[in-house]
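Peer 1: What Swiss-Prot lists as substrate binding site is ASN51, GLY52, GLY53, GLU64, ASN93, ASP94, SER119, THR120, SER121, SER124, GLN171. The Zn(2+) binding site annotation in Swiss-Prot covers HIS60, GLU64, GLN171, HIS179. The domain 'SIS' annotation in Swiss-Prot covers 36-195, and the record cites sequence analysis as its basis.
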Amino acid sequence: MKNFIEAQIKSSIEAKEKILKDGQYIEQIQSIVEIVIQAYKLGKKVLLCGNGGSAADSQHIAAEFVSKFRLDRKALPAIALTVNTSVLTSIGNDYSYKNIFERQVEAFGKEGDVLIGISTSGNSENITLAFKKAKEIGITTIGFLGKDGGENKNYCDFPLIVPSEDTPRVQEAHIMIGHIVCDIVEKELFGEKVDE
């Protein structure tokens, strides 16, 4: 058991080291931070969606924006489209599960907002449809994806694809990236500038 535990920890570290060592990922994260900062400066909001563990990540990241990450500061508008069971089940029943995020993007999204769709496989149909609807409205779309980015990468403005085939490692990297984004956005907007 000890060897298995150590192997899992090493695997997690290796996935993150791939991101750290490839300057492309650092630049992509920086671009995402800048997009979110610009949206907030313009009085816009961030919408987030995902399935399963990615739904939990959506809620986690939204909570960091609305409550706080490190600093006591003004709340930032962020909505996880995964939390209203009445809306989710109504859309799933009356339309289809594939439409659960698309309909909410149509209802809550405004031009200039940001949508972060999270999918470890990159092949979540409901994320693809949410991205398509967001583009119709004029919402900037960001994908936190895994594996090869799947179909989702073709429908978002900024796909960030974690370089791993292992779902748990992708999920761990997604929440790490979410934390980095929240941390820098908060610092930049509320007086603690981050060094280049």
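Each residue's number is its place along the chain shown, starting with 1.
Backbone N, Cα and C define each Cβ position, glycine as well.
Model, not experiment: these values are computed from the prediction.
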Peer 1: For SER121 (substrate binding site) and HIS179 (Zn(2+) binding site), determine the Cα separation and express it in whole Å.
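Peer 2: Distance between the two Cα atoms comes out at 21 Å.
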Peer 1: Measuring Cα to Cα, tell me the gap between HIS60 (Zn(2+) binding site) and GLY53 (substrate binding site) in whole angstrom.
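Peer 2: Between the alpha carbons of HIS60 (Zn(2+) binding site) and GLY53 (substrate binding site) there are 10 Å.
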Peer 1: Please report the distance from the Cα of GLU64 (Zn(2+) binding site) to the Cα of GLY53 (substrate binding site), rounded to the nearest angstrom.
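Peer 2: Approximately 17 Å lies between the Cα of GLU64 (Zn(2+) binding site) and that of GLY53 (substrate binding site).
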Peer 1: Give the maximum pairwise CA distance in Å, whole number, for the residues ASN51, GLY52, GLY53, GLU64, ASN93, ASP94, SER119, THR120, SER121, SER124, GLN171 listed as binding substrate.
Peer 2: 32
Peer 1: For the binding-site residues listed here (ASN51, ASN93, SER119, SER121, GLN171), which one has the lowest count of neighbouring CB atoms within 10 Å of its own CB?
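Peer 2: Comparing Cβ neighbours within 10 Å for the binding-site residues ASN51, ASN93, SER119, SER121, GLN171, ASN93 has the fewest.
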Peer 1: Using Cα coordinates, what distance in whole Å links ASN51 (substrate binding site) and HIS179 (Zn(2+) binding site)?
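Peer 2: About 19 Å separate the Cα atoms of these two residues.
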